[in-house]
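Input: a single structure, listed below in C-alpha cells.
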C-alpha cells in the first residue's frame with residue numbers, strides 16, 4: 001500500500017493533486033549524489049559531473065531520498081511525492097561520500113540551464129561563498145531555472161551558500177509542530193520553510209528511509225514549484241518563487257521562517 005508522508009500532507013500537496021496538478025510536463029533537476037533506479041521513481045535522464053563516478057546512480061542515498069520527496073509516484077506502493085508527475089533528472093554533483101566540488105555543482109547548474117530544466121533542487125551547501133558558484137546560480141536563473149537550495153544544518157543564525165545568494169530560493173526546515181528544526185540555519189536571505197524532520201522517502205535498494213535535514217525540506221518546495229509551473233506554464237521562475245512566498249503560511253519571525261511554510265494548496269488556488 002502507498003502511504004502519504006506527514007510532510008506531503010503538511011504542505012497540502014494532495015489538495016493540488018485533487019485539482020489535477022501533479023507537476024506534469026515540468027522538468028526538475030536534482031543536483032545531488034545521483035538517483036538510484038527505484039520502483040517508486042520515474043527518472044527521465046541526467047548527467048554526472050563527479051570525476052570517477054560516470055553513472056547517475058546514487059552511491060550514497062541522499063539524492064534518491066530528495067528525489068522521492070519531489071516526485072515519488074502516485075501508485076499502489078511506497079510513498080507519495082509533492083509533484084508525482086514531474087520529470088526527474090539525476091544530475092550528479094556530489095560523490096558517494098556526499099560531498100563534491102564547486103566546479104561539479106557549477107557544471108550541474110550549467111547543464112540545468114542548457115537542458116531546459118524548470119527547477120533545480122540543491123540540497124547542499126557550504127559556509128564559504130564562491131564567485132564561481134554565484135555566477136552559476138545567476139546564469140541558470142537567467143536561463144529560466146528556479147534554483148531552490150537548502151539553508152544548512154549547523155543551526156547557525158546565517159544561511160549557507162548557494163542558498164544565501166539572491167537568485168537562490170533558500171529553504172529552512174520545520175518539525176511536526178511547525179517549529180523551526182533545531183538544526184535549521186536561519187537569518188537574512190531565508191525565503192521559506194518546509195518539513196525537514198522524520199521525512200520518509202525513497203532510498204537505494206528499492207527501499208525507503210526516514211531522514212532529517214534542510215536537504216529534506218528543500219524538495220518539498222521544489223515540488224511545489226513544479227505544481228505552480230504546471231498550473232501557470234507561462235510564469236517565469238521569479239514569478240513562481242514570489243508566488244510560493246506570497247502563498248506560504250506565516251509562522252512568525254521572518255528571520256526564523258522566511259515567508260513561512262510552503263502551501264501547495266494556496267499556491268495552486
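Even glycines carry a Cβ here, placed using N, Cα and C.
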Residue from 32, 40, 58 that Swiss-Prot also lists as binding Ca(2+) 1 with 2, 73, 75, 77, 79: 40
Pairwise CA distance, residue 215 (active site, charge relay system) versus residue 62 (active site, charge relay system), rounded so that it is a whole Å: 8
Residue among recorded positions 32, 40, 62, 73 with Cα closest to the Cα of residue 163 (Ca(2+) 2 binding site): 32
The domain 'Peptidase S8' (5-268) [mean pLDDT, rounded to integer]: 99
For the recorded positions 32, 40, the one whose C-beta sees the most other C-beta atoms within 10 angstroms: 32
Between residue 79 (Ca(2+) 1 binding site) and residue 168 (Ca(2+) 2 binding site), the C-alpha gap once rounded to whole angstrom: 28
Shortest C-alpha distance to residue 73 (Ca(2+) 1 binding site) - which of the recorded positions 62, 165, 168: 62
